[in-house]
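First up is the structure itself, then whatever we jot down about it.
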Amino acid sequence: MTREDARALDRADPLAPFRDRFALPEGLIYLDGNSLGVLPRAVIPALADTVQRQWGERLIRSWNEGWIDAPQRLGAKIAPLIGAAADEVIVGDTTSTHLFKALVAALRHDPARRTIVSEAGNFPTDLHIAEGAVACVAGTALKVVDRADLAAALDDDTAVLLLTHVHYKTAERFDLADWTARAHAAGALILWDFSHSVGAVPIDVTAAGADMAVGCTYKYLNGGPGAPAFLYVARRLHDALANPVSGWMGHAEPFAFTDAYRPAAGMKRWLVGTPSILAMASLEAALDLWRDIDLTQIAAKSAALFAILAEAGAAAGLPCVSPTDPARRGSHISFRHDHAYEVTQALIARGVIGDFRAPDVLRLGLTPLYLSHEDVWRAGEHLRDVIATEAWRNAAYAERNAVT
Ligand SMILES: *Cc1c(COP(=O)(O)O)cnc(C)c1O
């Protein structure tokens, strides 16, 4: 792959026009959109309007002028990205909080089934929250096993199988329909975490028959730092599952101000407290961008960007830990190096932002909406140079930051 080859791919790229919809700093090659997505330009006026007019002028009247329905309205905008119906998704809280609510609900669904099964090396919060959920439901347990042992771990005690669709470190992707069917064959529910796949790969929860899912909106969906997360529950389970965090926003009639809790119908029962409207406003503007996007084009471009870095990594002698088959991975590429932290810092010093995942992984996010093939080609050249010249050995690169 030459620079000219990359430029030719850019000229033929149907997604190239979307780059201008983002406020990407000049000269920066940003390969961390899988951790914090880039600011969409439309967010700036949307937030200004929310602050100045909706809050500043309309004040409390704004709750009846669109604020109170934001969790449902934004859920309906995320639904097409995961193949759900508009009324099967709600937005609010964090991914961690949604995980807790969904796991406790699943544990209480069928008292004969007492176990959460999940994968060793899953994203930390997923396992920490699962530990917290079993501590809240008497007689339940968490079974964490290696990926290779997951199928054998499912049995008639399994209440729910918790899987992260795309692995945050390696980018390995579970087959959505296949693993949903396996959980169902064991009589269990399945709860998917789409944090590293929504907006990165095509998802169809309806075709797969999935029960529940959660996901992050500040990664590939560009909703802003700490943007509210989403929860999907299949309509057939809407009445059967109960939110254990029974707050007033999930009440059937919050403004009846009654003492006793009565859950709302549909997804509204999964709300807890008052939604963060400023965070909702930036997320909504970011989501509106996806109306015009074809996820099969995203997947095709992601594969092309991956190939460019895979070639550069191979030339640099770096072992790639991500699957070679695009259908079996998400939209990032990870390399192993004993000094991956220092390599990451050396790249950042050159304006190529990726990240480090302990203990030895350099992770580079590939976001087709705002990266060009030439950007990624240039990143590959920097990577080869940093390895070949051992530029990473500079002592300044070994100093650890709190967020890596
Ligand atoms: C990013 C990510 C999260 C984030 O959870 P928060 O509650 O937003 O901090 C959770 N799970 C997975 C798999 C992730 O990749």
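Using the three backbone atoms N, Cα and C, a Cβ is placed for every residue, glycine included.
Taken from TrEMBL as is:
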- THR95, SER96, PHE123, PRO124, THR125, ASP126, THR164, ASP193, HIS196, TYR218, TRP248, THR274: pyridoxal 5'-phosphate binding site (BINDING)
- LYS219: N6-(pyridoxal phosphate)lysine (MOD_RES)
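Feature map: annotations from TrEMBL on the structure.
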residue: THR95; record: pyridoxal 5'-phosphate binding site; Cβ contacts under 8 Å, 6 or more apart: THR125, ASP193, SER195, VAL214, GLY215, CYS216, ALA229
residue: PHE123; record: pyridoxal 5'-phosphate binding site; Cβ contacts under 8 Å, 6 or more apart: THR164, TYR168, ASP193, SER195, HIS196
residue: LYS219; record: N6-(pyridoxal phosphate)lysine; Cβ contacts under 8 Å, 6 or more apart: GLY33, ASN34, SER35, LEU36, GLY37, SER195, HIS196, VAL198, GLY199
residue: TRP248; record: pyridoxal 5'-phosphate binding site; Cβ contacts under 8 Å, 6 or more apart: PRO254, GLY273
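For the binding-site residues shown (THR125, THR164), fewest C-beta neighbours within 10 angstroms: THR125. Following the DSSP three-state reduction, the secondary structure of THR164 (pyridoxal 5'-phosphate binding site) is strand. For the recorded site, TRP248 (pyridoxal 5'-phosphate binding site), the DSSP three-state label reads helix.
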